[in-house]
Amino acid sequence: MACDETVYDESNVMSERHMERRGIMIVLSSPSGAGKTTLTRGLLADNPDIAMSVSATTRSPRPGEVDGIDYFFINKDRFSEMRDADQFLEHARVFDNYYGTPSEPVFGALEQGRDVLFDIDWQGAQQLTEAASDDLIKIFILPPTLRELEKRLRSRAQDSDETIAKRMSKSEAEISHWAEYDYVIVNENVEAAQAKLQTIINAERLKRKRQPWTSRFVKDLIDGA
Ligand SMILES: Nc1ncnc2c1ncn2[C@@H]1O[C@H](COP(=O)(O)OP(=O)(O)OP(=O)(O)O)[C@@H](O)[C@H]1O
Ligand SMILES: Nc1nc2c(ncn2[C@@H]2O[C@H](COP(=O)(O)O)[C@@H](O)[C@H]2O)c(=O)[nH]1
C-alpha cells in the first residue's frame, strides 16, 4: 500500500484512503559532492513514507557514518559473496571501491507501495534502467560550477586531498551521462533544489498509470453512481 491519497470509495464520497500501486524507484546521480546526500536527507525528512535504499560498500566509513544507516560497510570477500549469490539489484566499481544495492529491502518496500530513493552512480542507473524502466525515474544533480563542486568536496572535510583530486578528475566523466536521465536539477541553492525534487516526485505520483483507482472513479462518474 502506498502513501495516503484522496481516493474514490464505494460509498461515493471522496475520502482519505490508501491506494494500491507499486512504489516508484527514484534514482539520484551526480558527480561526487554535488549534493545528493544533502538533498536526500531533506527529502526523507519531509517524506517519511519514502524508503531509502541503503547500499553496501567496501569503502571505509567516513567520520559520523553509521553502519546500516549510511551504508552497509562490508569487506571485499563479503561483497563478492553477495554479488555471486545475486543479492544485488545493481553493483559497480566507483572510485576504486565496490558499491551495490541489496535487492531484498528494495523489493519489499516496492511491494508495499513505498517509493524508494537511490543514491547511485550512472552505472547503477543504467543497470536499473535495464531491469525496471517502467517504475523508474532518474534525476541528475549538477553543481553550478566545477569550482563550486571542488569547494563542496573540500568543505565536507571528510576526504583526503588525494581522494578529492580523484573524485574531481572523474567529475566530467560522470557529468557526461546527464542526458541519460529524465530530469536535471542544478543544485545551487539547497532549498530550491529540494523543492524541484519534491515537484518531480509529486508529479510522477500523479501520473494516470500510478493512480489505478481512476478507472473505477470515471466509470462511476459516468454512471452517475
Ligand atoms: N546547494 C549547496 N550549497 C552549498 N553547499 C552544498 C549544497 N549542497 C550540498 N552542499 C554541501 O556540499 C558537500 C557535499 O554534499 P553531499 O555530501 O550531499 O554530496 P554528494 O553528492 O552526496 O557526494 P558523494 O557523491 O561524494 O556522496 C556537503 O558538505 C554539503 O553540505
Ligand atoms: N552503482 C552504485 N553507486 C553507488 C552506490 N552507492 C553509492 N554509489 C555512488 O558511489 C559514489 C561515491 O559515493 P560515496 O558515498 O563514497 O561518496 C556516489 O556517486 C554514489 O552515488 C550503489 O549501491 N551502486
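Quick reminder: no glycine exception, Cβ is built from N, Cα and C everywhere.
Annotation comment: TrEMBL describes 23-202 as domain 'Guanylate kinase-like'. If you look up TrEMBL, you'll see SER30, PRO31, SER32, GLY33, ALA34, GLY35, LYS36, THR37 marked as ATP binding site.
When other Cβ atoms within 10 Å of the Cβ of THR37 (ATP binding site) are tallied across all protein chains shown, the result is 14. Within 8 Å of the centroid defined by the CB atoms of SER30, PRO31, SER32, GLY33, ALA34, GLY35, LYS36, THR37, the record's ATP site, lie the Cβ atoms of ILE141, PRO143, LEU149, ARG152, ASN187, excluding the listed residues themselves. Counting every protein chain shown, 23 other Cβ atoms lie within 10 Å of the Cβ of LYS36 (ATP binding site).
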